[in-house]
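Asks: Got these off TrEMBL a minute ago, pasting:
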{"type": "DOMAIN", "residues": "48-500", "note": "domain 'Major facilitator superfamily (MFS) profile'"}
{"type": "TRANSMEM", "residues": "122-142", "note": "transmembrane segment"}
{"type": "TRANSMEM", "residues": "154-172", "note": "transmembrane segment"}
{"type": "TRANSMEM", "residues": "213-231", "note": "transmembrane segment"}
{"type": "TRANSMEM", "residues": "243-262", "note": "transmembrane segment"}
{"type": "TRANSMEM", "residues": "328-348", "note": "transmembrane segment"}
{"type": "TRANSMEM", "residues": "360-382", "note": "transmembrane segment"}
{"type": "TRANSMEM", "residues": "391-410", "note": "transmembrane segment"}
{"type": "TRANSMEM", "residues": "416-437", "note": "transmembrane segment"}
{"type": "TRANSMEM", "residues": "449-468", "note": "transmembrane segment"}
{"type": "TRANSMEM", "residues": "474-495", "note": "transmembrane segment"}
Amino acid sequence: MADGAPLLPCYNSSESLDGLGNRPLAASTMVDDGTLESYVDDNCRSSQLLQAIFVSLAWAFDAQQTFISVFTDAEPAWHCTATTCSSSGSTPCGLPPGSWAWDSPAHASVVSEWSLQCAGSAVVGLPASAYFAGCLIGGLLLSTLADTVLGRKTMLFFSCFTMSLSAALTAVSPNLWAYAAMRFLCGCGRATVGTSSLVLSTEMVGKRWREKVSISSFFCFTLGFLSLPALAYLNRGASWRTLYLWTSIPCFFYSVLIYFWINESPRWLLVRGRRDEAIQALKRMAAAGDRNDAITSSFSKLIVEENASDVNVDVFSAMKMLCEKRWALRRLLATMSAGFGLGLLYYGMPLNVGNLDSDLYLSVTFNALAELPSSLITLFLIGRVNRKSSTVAFATASGAFSFACVAVTAEPWQMAAEVVSFFSACTAFNFLLIYCIELFPTCVRNSAIAMLRQAVVLGGVLAPMLVAEGRRRSFMSFGVFGVVVCSCGMFVACLPETRGRSMCDTMEEEESKQMKNASSNTP
């Protein structure tokens, strides 16, 4: 929020109670801009930081469900058991029954349990495609609820609970079609996990801790990603269903703790006109009890308009505001374009390592480990460098090393170039997410980040097709990845720099800050 500017309304004063009885702040609602930021920042206790980091842990479960199919849907190795069999082929499809056998028990993979070795790529890839389709549909239908009727905390609880329940049901799937349906449901639930978690955790702390809390989400995602090859290795030879159970049970208990322990974002409560609840949330955050009266006194000036016409706020009001404001739409399209390119490479690279003839467990581990230094680099640089130039630089580096995968033929160097490209894409995406948090005000922030993640998922939907084509011509995977990520990353160059500025809560406040900056830059 800009210093010295009032907290302006997120909605028009003509708007009244919504379907859940919440009233948006009226035009007469005014509060010193520094009040909320100072109380959240200056009175941030260790318990509040612990809550914010715990909220970030949702990213670990997000990573597990996103990449779990790499192991559960993998085609196991096989061997010949008769002289009439030839193991020169890459698949046992077409060989006489009884002349070959899987190296692992049949229940170790979806492919071997349901005899999908001769099925087409569309059938074998159906569960993974259904998951990403669920991410797209769920994101479109649910993303605005965290900004409007549900709030950050309730949306996070609902998403994690849905993800854990669907993962548990996946473990008892009787056939491929039920399995794909459960993966679709899991994708719908997962669609808003990362967004709600990131927004809630950063709104629970002040500017002093916001960057560090944001980066803790990336560490948690790396933790979840790294846990998968470890769980899969321990689970080798056992049923693929066990892997889903191991990832669903912790997520269930996590969602319960979110519901009973975590506070709602006071920023969101204030923007929605729920003043008393916002004050209570701030009191729980206060470092000293004698600050409670000061909080009540400072925010008692927040008055909700009583005489408002009967116009309800619908769940898509946040998206309407993003589309109606030209500056907001321009920012949204630029971040989504960059997110699409990064998503194409981010999801495509781990899938494409199979084309390098490397060990599956080691390949996934190397890519997961690449996210760890990415998070560390982001933590070190985020307070020292500009968001815009850093995002463009890392996106360009990612594309350049993706091109190197085509030019280099030696397998060790090719694998090294792939890991560096993946590392650069991860770092660029880390910067882009933090950048997006600062570009949009509270009343539309969750929706904006959700749309950015939708663009990333869309890139992930298209990546498998390029990977399949890349088995014949490497340029169609690595080369196209490089072209797209370099081109899309350049859209960030048209965005304003946000380093060092505080967050706004309303669209009008953001416009006021833009006009103030424009006037200060005018000679």
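Heads up, the Cβ atoms here are built off N, Cα and C, so glycines get one too.
What you see is a predicted model, and the numbers here were worked out from it, not measured in a lab.
What does the local environment look like for each feature on the list?
Replies: Remote same-chain partners of the transmembrane segment (122-142), defined as residues 6 or more beyond its termini with a Cβ less than 8 Å from a stretch Cβ, comprise 65-66, 69, 73, 75, 110-111, 116, 155, 159, 176, 179-181, 183-192, 450-451, 453-454, 457-458, 460-461, 464.
Long-range Cβ contacts of the transmembrane segment (243-262) within its own chain (Cβ-Cβ under 8 Å, at least 6 residues beyond either end) map to 51, 54-55, 57-58, 61, 64-65, 68, 71-72, 153, 156-157, 160-161, 163-165, 167-168, 170-171, 200, 231-232, 235.
Counting residues 6+ beyond its ends, the transmembrane segment (328-348) has Cβ neighbours under 8 Å at 321-322, 391, 395, 398-399, 402, 421-422, 425-426, 428-429, 432, 435-436, 439-440, 444, 448, 451-460, 462-464, 466-467, 477, 481-482, 484-489, 491-492, 494-495, 507 in the same chain.
Sequence-remote contacts of a segment are chain residues at least 6 beyond its ends whose Cβ falls under 8 Å from one of its Cβ atoms, and for the transmembrane segment (416-437) they are 198-199, 202, 210-211, 214-215, 218, 335, 338-339, 342, 345-346, 349-350, 352-353, 356, 366-367, 370-371, 373-375, 377-378, 382, 387-388, 390-391, 394-395, 397-402, 404-405, 408, 445, 448-449, 452, 456, 478, 481-482, 485, 489, 492, 495, 498, 503.
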Asks: So, taking each listed stretch (154-172, 213-231, 391-410, 449-468, 474-495) in turn and counting its Cβ pairs to the transmembrane segment (360-382) that are under 8 angstroms, which one gives the highest count?
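Replies: If we count Cβ pairs closer than 8 Å to the transmembrane segment (360-382), 213-231 scores highest.
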